[in-house]
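First up is the structure itself, then whatever we jot down about it.
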Amino acid sequence: MRTVWSPLAAALAALGMSTYKRATLDEEDLVDSLSEGDVYPNGLQVNFRSSRSGQRCWAARTSVEKRLVVLVTLLAAGLVACLAALGIQYQTRTPPVCLTEACVSVTSSILNSMDPTVDPCQDFFSYACGGWIKANPVPDGHSRWGTFSNLWEHNQAVIKHLLENATASVSEAERKAQVYYRACMNETRIEELRAKPLMELIEKLGGWNITGPWAKDNFQDTLQVVTAHYRTSPFFSVYVSADSKNSNSNVIQVDQSGLGLPSRDYYLNKTENEKVLTGYLNYMVQLGKLLGGGDEDAIRPQMQQILDFETALANITIPQEKRRDEELIYHKVTAAELQTLAPAINWLPFLNTIFYPVEINESEPIVVYDKEYLRQVSTLINNTDKCLLNNYMMWNLVRKTSSFLDQRFQDADEKFMEVMYGTKKTCIPRWKFCVSDTENNLGFALGPMFVKATFAEDSKNIASEIIMEIKKAFEESLSTLKWMDEETRRSAKEKADAIYNMIGYPNFIMDPKELDKVFNDYTAVPDLYFENAMRFFNFSWRVTADQLRKAPNRDQWSMTPPMVNAYYSPTKNEIVFPAGILQAPFYTRSSPNALNFGGIGVVVGHELTHAFDDQGREYDKDGNLRPWWKNSSVEAFKQQTECMVQQYSNYSVNGEPVNGRHTLGENIADNGGLKAAYRAYQNWVKKNGAEQTLPTLGLTSNQLFFLGFAQVWCSVRTPESSHEGLITDPHSPSRFRVIGSLSNSKEFSEHFRCPPGSPMNPHHKCEVW
């Protein structure tokens, strides 16, 4: 505590009351050293012994001595009372109010988002976001809207300016991104070509029975081409990534795939999803007609067969909540063993074709996620008519590539999106579509332009400091856990210490020569949008295949710099924060740190906690999947997490329950991230002193921290989009990301004085980290 120099303290000093002042300042020493009969310099004797001897001493006093003792006692008591009052005044004194333009602006934004008529102890999400929700209905052309969307819109506008500015590019790779974007914007040329580019591609691949004759014996060839050259994944997905059990090497990985709809649930719960299934079939028929299929009566039965085949795939697909234990689903086999497991595919020719020029032999290691799925999909392929198999593979190609064609295909997409996600049809500016597609495919190529335009030089250092504070806070909490044994705790701390931070962008993109080297084999052609997209699919697979004989590289990010997101990589044990998210509302230099810790601080804590969620905890500090926990702590962890499974499973949206097991990892990260960020903010205040408060709000800085956290998640969704999120998204709905985390926080309840048993302060709370 800082010394307070008040007018009363000055007056006491001026009175020359040296004896009393000295006694007060040395009070602790006096109590420790006094014994019976100790005498002070003023001749006053004080005795702490038995009351009987004290009574005898008092009786022996003269009346003058007695009056002096009483007077001294009263004066001492008065002084103590004054000092106590000063201390209370200091403790409760309201910090100064920040009245800068930035503080007034952020206050206005906070107030506009809030609904102060809602009791924060009843429903904090509505209290924090009620005003925002009323002012932000889902915009036309969207199925959901939130603070992330606002920031992405801002980033899109920046990217548009850069792509349209010829002087913004320095490297050849950046210029390729600009050529790609301009080709997308050339609607005149796209409308001239109509469906011709895709129809020619279909013919080149042997035809499609829906639009014309097809080559009847080309199953293996078609599968190889659509997988490698056009990045589709019929039946299963094949990719290259770090080996979970040997993270220093890359390995071929095979997993379940092949559904046209976002989840198996859409196919299997037919009554609930009848509208979507009908809309999907109509969409399939419409694309078939646009590609020259002719009579709808001839197209619809064949499209229904494709839909039925996808339903059969959905039946053998493993639900996501049953795939969370990676130790159980990881299987390493050889190419020869894979051939025995799934004989419907000629695996060696298939792998040698898609990974050319890398040579694959029978001993090639391959990681398979879920052997039973591959066994059953092989049987399904063998038992299915060849014409239907070809129709299905070509449908995968059409579904992936039709959006690069003329407006008729865009209209068909929009009509299905309205059924699927509740998206209202609207005339979204073409540039937004083209910016998104260019960023999605060539985000690293345009990355340097975006970084130079938006990312301040010291942002990496500031973000690094915040990450360091969050790590420290997480490790402090780790040291207090009662359910974890000491050996596992030490290993967990080592893992936390070893987490690598990647901030803003991968270093190679800022070196024009290095960037050009990466994109050297990709060529964008002026005014041929479809061709450019197909070339990119082929190029991106070649880049993937090229990694097979190389070691994993930290500079290979899974997100581009403009992305408004962040992630944790278990095999690299690293957390990644693209430049796109290091902006308001997550971080602003001029905002109180309560908001910054509640924003980007919680994001950092969230990603850090992923290293210790139900999946991340299975990886050690070097990124290897192995059992490094003692069994007692594994069982205790499962007990702690079961609480969260039950808690979140009790939440529902429009009468549909949240899947607490499917969302477990994200819920652990949300709760752990909030706790770590709050603790880090308290450490910051201890080090730097209390912050200025914001005007009008009447909130303390601690309350502002929780409010800032909640307002990051203000969002709205259509009912259709909410349904899709509940069955596909590993994150809980935004409302419950706020309510679930805060209702588990004792500190939140204390700062908002929520009565025990109130909705935001339940008696039973869940805590893992």
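Even glycines carry a Cβ here, placed using N, Cα and C.
Swiss-Prot annotations:
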type: ACT_SITE; residues: Glu607; note: active site
type: ACT_SITE; residues: Asp670; note: active site, proton donor
type: BINDING; residues: His606, His610, Glu666; note: Zn(2+) binding site
type: DISULFID; residues: Cys98-Cys103; note: disulfide bond
type: DISULFID; residues: Cys121-Cys754; note: disulfide bond
type: DISULFID; residues: Cys129-Cys714; note: disulfide bond
type: DISULFID; residues: Cys184-Cys434; note: disulfide bond
type: DISULFID; residues: Cys643-Cys766; note: disulfide bond
type: DOMAIN; residues: 97-769; note: domain 'Peptidase M13'
type: CARBOHYD; residues: Asn165; note: N-linked glycosylation site
type: CARBOHYD; residues: Asn186; note: N-linked glycosylation site
type: CARBOHYD; residues: Asn209; note: N-linked glycosylation site
type: CARBOHYD; residues: Asn269; note: N-linked glycosylation site
type: CARBOHYD; residues: Asn315; note: N-linked glycosylation site
type: CARBOHYD; residues: Asn361; note: N-linked glycosylation site
type: CARBOHYD; residues: Asn382; note: N-linked glycosylation site
type: CARBOHYD; residues: Asn538; note: N-linked glycosylation site
type: CARBOHYD; residues: Asn631; note: N-linked glycosylation site
type: CARBOHYD; residues: Asn650; note: N-linked glycosylation site
type: MOD_RES; residues: Thr24; note: phosphothreonine
type: TOPO_DOM; residues: 1-67; note: topological domain 'Cytoplasmic'
type: TOPO_DOM; residues: 89-769; note: topological domain 'Extracellular'
type: TRANSMEM; residues: 68-88; note: transmembrane segment
Recorded positions compared (Glu607, Glu666, Asp670) - the one with the fewest other Cβ atoms within 10 Å: Glu666
Intrachain C-beta neighbours of Asn361 (N-linked glycosylation site), sequence separation six or more, cut-off 8 angstroms: Ala335, Leu348
Closest of His606, Glu607, His610, Glu666, Asp670 to Asn269 (N-linked glycosylation site), Cα positions, recorded positions only: Glu666
Output field, Zn(2+) shell: CB within 8 Å of site CB centroid, site His606, His610, Glu666 dropped: Tyr568, Glu607, Thr609, Asp613, Gly665, Ile668, Ala669, Asp670, Gly672, Gly673
Closest of Cys121, Cys129, Asn209, Asn315 to His610 (Zn(2+) binding site), Cα positions, recorded positions only: Cys129
Cα-to-Cα gap, Cys643 (disulfide bond) vs Glu666 (Zn(2+) binding site), nearest whole Å: 14
Sequence-distant neighbours of Asn650 (N-linked glycosylation site) in its chain (C-beta under 8 A, six or more apart): Pro657, Gly660
Candidate recorded positions His606, Glu607, Cys766, pick with smallest Cα gap to Asn631 (N-linked glycosylation site): Cys766
Among Asn186, Asn269 [glycosylation sites], residue with fewest other Cβ within 10 Å: Asn269
Spatial neighbours, same chain, of Asn538 (N-linked glycosylation site) - Cβ under 8 Å, 6+ residues apart: Ala228, His229, Tyr230
Residue among recorded positions Glu607, Glu666, Asp670 with Cα closest to the Cα of Cys714 (disulfide bond): Asp670
Chain-internal residues, separated by at least six, CB under 8 A from Cys98 (disulfide bond): Pro592, Glu691, Gln692, Thr693, Leu694, Pro695
Neighbour tally for Asn382 (N-linked glycosylation site), based on other Cβ positions within 10 Å of its Cβ: 10
